[in-house]
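Q: The structure follows.
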Amino acid sequence: MHGMASPISVRTSPRHPLSVPRSSLVRSTHASHLVIRVADPLFPCAKLSKARAVVAAVMEVSKAPSSSGLANRQPSKEVLETWRSVNAVCFDVDSTVCLDEGIDELADFCGAGQAVAEWTTKAMTGTVPFEEALAARISLIKPSLSQVEDCLEKRPPRISPGIADLIKTLKANNTEVFLVSGGFRQMIKPVAFDLGIPTENIIANQLLFGSSGEYAGFDPTEPTSRSGGKAVAVQQIRQDHGYNTLVMIGDGATDLEARQPGGADLFICYAGVQMREAVAAKADWTVFEFEELISELS
């Protein structure tokens, strides 16, 4: 495995305040656990448009010097034909749809940032099984319900530049959009709401809480809680809907895994936030701006 390039430099706009209503508690199949399920829709539309619950960040990207040498910076004719005929697109969320790694943000908010970020790097480069990295990270954080809600209020997810326009263009072409993430639904639902993606099109992990809001683990039955889980999720999406052509877009090794028979036909590496050389080198197409993808759909 190639070593990971140093993260690109990013300058973002200041965070904006976010008002998050109390989440509803829905009892899970675990007798002693409660699962947090955020009310849907998450925010009133008028309030969302006024306060911008999910912040679109302005950023400047300094591309890694080695990026210009990637053979897949210019897509082949076959790749373009597949992209233009796509029926469904599955997006990774952290460092793709959003600028941040959600679990790292939650960890930093809860005072465990550095230790958790190290595990995130291991997970994204594929050097440890994803389930091991997920369990290690969440055990370091052990967030309560109130901490999750406070984090969403004080550190709302930040949308990557251009992603809203790309999703709008895909929808105009009658292409279905899914969010497939190793992160947590509680952190992703505000993003989906802001981008107009239905909650049923979210495949992600689920935090569990006790009756007093204390941390009680996460749901191990979610496919994205383990290595190879995104591939399984994408295969299930394709099987359930009968899509002829499906594309996965992301930045990590777990996203690359989704390109396999019965799953994604293409893997497009988005390196606009994190440039992971080992992943980018194996992608069908590597892009640094979502406009590159939009221009080929026009």
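Cβ coordinates come from backbone N, Cα and C, glycine included.
Please treat TrEMBL annotations as automatic predictions, because they have not gone through curation.
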Q: Which stretch does TrEMBL mark as region 'Disordered', out of 1-24, 217-240?
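A: My reading of TrEMBL: the region 'Disordered' range is 1-24.
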Q: Sequence gap of 6 or more, C-beta under 8 Å: which same-chain residues meet both conditions with respect to ASP92 (active site, nucleophile)?
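A: Those within reach of ASP92 (active site, nucleophile), by Cβ under 8 Å and sequence separation of 6 or more, are VAL180, SER181, LYS230, MET248, ILE249, GLY250, ASP251, GLY252, THR254, ASP255, TYR270.
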